[in-house]
4 protein chains.
Amino acid sequence: MTELLPVAVLGARGRMGAEAVRAVEAAADLELVAALGSSDPLESLVSAGAAVVVDLTVPEATAGNVRFAVEHGMHAVVGTTGWTAERLADLESLLAGNPAAGVLIAPNFALGSVLATAFAATAARYFESVEIIELHHPDKIDSPSGTAARTAQLIAAARTAAGVPAAPDATRDQLDGARGARVDGVPVHSVRLRGLTAHQEVLLGSPGEQLTIRHDSYDRASFMPGVLLGIRSVAQHPGLTVGLDGYLDLRAGARP
Amino acid sequence: MTELLPVAVLGARGRMGAEAVRAVEAAADLELVAALGSSDPLESLVSAGAAVVVDLTVPEATAGNVRFAVEHGMHAVVGTTGWTAERLADLESLLAGNPAAGVLIAPNFALGSVLATAFAATAARYFESVEIIELHHPDKIDSPSGTAARTAQLIAAARTAAGVPAAPDATRDQLDGARGARVDGVPVHSVRLRGLTAHQEVLLGSPGEQLTIRHDSYDRASFMPGVLLGIRSVAQHPGLTVGLDGYLDLRAGARP
Amino acid sequence: MTELLPVAVLGARGRMGAEAVRAVEAAADLELVAALGSSDPLESLVSAGAAVVVDLTVPEATAGNVRFAVEHGMHAVVGTTGWTAERLADLESLLAGNPAAGVLIAPNFALGSVLATAFAATAARYFESVEIIELHHPDKIDSPSGTAARTAQLIAAARTAAGVPAAPDATRDQLDGARGARVDGVPVHSVRLRGLTAHQEVLLGSPGEQLTIRHDSYDRASFMPGVLLGIRSVAQHPGLTVGLDGYLDLRAGARP
Amino acid sequence: MTELLPVAVLGARGRMGAEAVRAVEAAADLELVAALGSSDPLESLVSAGAAVVVDLTVPEATAGNVRFAVEHGMHAVVGTTGWTAERLADLESLLAGNPAAGVLIAPNFALGSVLATAFAATAARYFESVEIIELHHPDKIDSPSGTAARTAQLIAAARTAAGVPAAPDATRDQLDGARGARVDGVPVHSVRLRGLTAHQEVLLGSPGEQLTIRHDSYDRASFMPGVLLGIRSVAQHPGLTVGLDGYLDLRAGARP
């Protein structure tokens, strides 16, 4: 009989954490050995025998949690924000002294969203034009969305690296805002519509053809397959990985 | 045997005019009796026996052409721009003295586009949120497109008339342009992409549901069914009609 | 001060009924005067002074409930299925003797869905080709969906009435099922995808242009605006109305 | 000054060939040294000094053309169909004896289409459900399209290799054809609509999220960027490459 992988969830009382607890419990190959809230001592991770720690806590706690995990021979899968360049550098040092430990820091666990962003950046090197439309519920405070801004940055970087010239645009006579916001030169349009959740479309165009990559996020359940993939894969990826795409095989479809 | 309807095309050497000539010639119920360029005398319309005159000329010529047609007992189908309020008032006076004559002035002959605009304005009264995305080739000089601006105006007017409150929008922190241009309060986003022709999407949202009305225009051929509909219907619509939607039965689908 | 409209909900313990109770309570112009379950006596509707009765019960109960309401001078808004031709005929007789009473029987209260179907049937008279794609979660047992089948029937009827010829189709060499199911001659394609709820797209095409009408239903909340519209309008529509579209002004957008 | 790459086009009088002639002439880094029709002798390729031969001829001629090119030290970029397993094996033998020669055989030169197919196969390993909708003009004889069938095969192969179970589908009560055609178990739906050219959408779904990859092909111009990419890259890819995706860097977007 296969041994179950012992998993601990930190931040287990939060919304994401509670979902992760359920997802781990429902997975046939995983065993939930600890589910800690903010006041529970980290030491119980050791007695519980956790091999992988899932951190879904708060920016103030995450760096300390990951340090504890690495120092005690555990791997860590992290969905918490707040990882500044300085914190990442500290973590790299720590991992240099613990070469077997794997840490995944993923700003986004939705597999579809991660794939969509990677595909968009890949494709953007081969098309004349590229623009982004992101659509969210009208209670959202910021526009464009963080995901859209990051997608635009990756697209711009990929085009610059490949020597792609700026997209053509003959606009001369325009109403303020019609052509969207520019993020590293890529137009981003933000739609806010009652009934929607979180959606993004990257449109790419060249003479005679168009490629559209769209991701629809309907609810938080969409993050769980990515969290489980992280838990199952982190031991095979020693060192620091930022972004779930580092665990995906993005060439799988290329050569049958 | 059914008699053919005798049709004349003015502006027959222009791109739209040439298409119209071909479309009339191909229609089994129509007979092309004249195809005039800018230097041809209007008198030949009379000798040719035209019943319907299609005007696809230039703003400087169109008002005179329509006057000639009406005064000689013909109906007119007009796709030329340049009809100011003053010109329209003059035409109304002329038609008051020629009650049998029908004139259709249509800024847009694409049936799908006309229907899309009418549907959008109808639906906008029943939804919390509405935004417009219009997408064109990157050689377009103005943004938003004239069709998008007109659609936004009709939507805004329909919502005001029905007492619909402003769409919700919690945006507080934004990059300039992200939320599009405002036309009578309706956000309009303009995408410019190589490979595209002319496309428009109206997005409507309410709690739990979304309605999307999209029109794609791929080439000039799309105007001809509307031109033919105008030719065949103008005699049954005495007086002035502005907009092809005046000839469409928009309730057809409502009650089977 | 405006008087509130007294409303009763039948089937108040069901999922739709519970939503309706909440929606009526939240509406500033309505007053919930009764919320009955299956074992509660209908007589309490009279003592509660209900003016409009919302029936969200079961096929076995709905006809009796509506009869009671009409006979006691109330209007009825009905979302329950099971209205056979015979039952409808009985109801028509009953209403003939109670000319002031209004009854709305609506198989679908999602405004967006009702509008989408009406628009599709209207537009189908003006296009060469029309096909339907409906997309649902993979736990759905029947395909195509009832809404898609009904949309296809209305489209087919509208095209027949307008003398539109069959859509062109040169298919000669095909894999079984590729061209979808035929409902009254209209191809319907059923997609089943994890993550989706209920979505429908009607695609219409003519030379050089395409019109797409899409409706996305994300959750049950989408039915409430339609239920409220029914409650507020039923008194102004004496007699029997089948379909919420009978209460919508579908020409609103046509003539600005 | 940079030296121009000398290019010859075979099948230069055909539609694709004529487009290729124009595209090579318009490219600043390429020089068209020969444009041959079916009756022109291949020997003129040698005297013209061609380094890369583009074959856009007919199935009967292509194998001989490529053999001639390889034996005379030229690279070949091939868009002609008719490459059976036997012909491919012969070509592999020939190339084994000419290790410097590069041959690209590409059934599809539309970069967007090639990328879309590769992305779909990659993503299909990470989603529960996947279906394909392909949309074409109504004069198309076969359904599903060859591209859709090939995409389904690649998707099915990727899922099998990754151990992904069959997509969930509770359908029990269905109209014939509603659920599409099955290609290696993947449902494919074929829409035929006047006004369209060639379009394909791959829909992928998991709990709470959906990924859609859509490609629109509007005209033959869309093949030329792929042909030019082949011409410029073939010398760096000795041996046989089948599929333009072999020349694309599909991981470009993965790691910024």
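Just so you know, glycine gets a Cβ as well, placed from its N, Cα and C.
TrEMBL labels come from automatic prediction, so no person has curated them.
Annotation comment: TrEMBL describes C:6-109 as domain 'Dihydrodipicolinate reductase N-terminal'.
Taken from TrEMBL, the feature NAD(+) binding site covers C:Gly11, C:Ala12, C:Arg13, C:Gly14, C:Arg15, C:Met16, C:Gly79, C:Thr80, C:Thr81, C:Ala106, C:Pro107, C:Asn108, C:Phe109. Residue density at C:Pro107 (NAD(+) binding site): 16 other Cβ atoms are found within 10 A of its Cβ, drawing on all protein chains shown. When secondary structure is read from DSSP and collapsed to three states, C:Pro107 (NAD(+) binding site) falls in the coil class.
Residues or ranges marked as domain 'Dihydrodipicolinate reductase C-terminal' in TrEMBL: C:113-244.
For C:His136 (active site, proton donor/acceptor), other Cβ atoms within 10 Å of its Cβ number 23. Taken residue by residue with DSSP, C:His136 (active site, proton donor/acceptor) is part of a strand. Sequence annotations record features per position, and here TrEMBL assigns active site, proton donor/acceptor to C:His136.
Marked as (S)-2,3,4,5-tetrahydrodipicolinate binding site by TrEMBL: C:His137, C:Gly146, C:Thr147.
Residues or ranges marked as active site, proton donor in TrEMBL: C:Lys140.
In sequence order, C:Gly17, C:Leu36, C:Gly37, C:Ser38, C:Asp55, C:Leu56, C:Thr57, C:Val58, C:Ala61, C:Thr80 are the residues near C:Gly11 (NAD(+) binding site), counting only same-chain partners six or more apart with C-beta under 8 A. Nearest to C:His136 (active site, proton donor/acceptor) in space, judged by Cα atoms and limited to the binding-site residues C:Arg15, C:Gly79, C:Phe109, C:Thr147, is C:Thr147. Helix, strand and coil residue tallies for the domain 'Dihydrodipicolinate reductase C-terminal' (C:113-244), in that order: 49 helix, 44 strand, 39 coil [DSSP]. Other residues of the same chain near the (S)-2,3,4,5-tetrahydrodipicolinate site, with their Cβ within 8 Å of the Cβ centroid of C:His137, C:Gly146, C:Thr147, are C:Glu134, C:His136, C:Lys140, C:Asp142, C:Ser145, C:Ala148, C:Ala198, C:Gln200. Across the domain 'Dihydrodipicolinate reductase N-terminal' (C:6-109), the prediction's mean pLDDT works out to 96. In this structure the C-alpha atoms belonging to C:Thr81 (NAD(+) binding site) and C:Gly146 ((S)-2,3,4,5-tetrahydrodipicolinate binding site) are separated by 12 Å.
Counting every protein chain shown, the number of other Cβ atoms lying within 10 Å of the Cβ of C:Thr147 ((S)-2,3,4,5-tetrahydrodipicolinate binding site) is 22. Fewest Cβ neighbours within 10 Å among the binding-site residues C:Gly79, C:Gly146: that distinction goes to C:Gly146.
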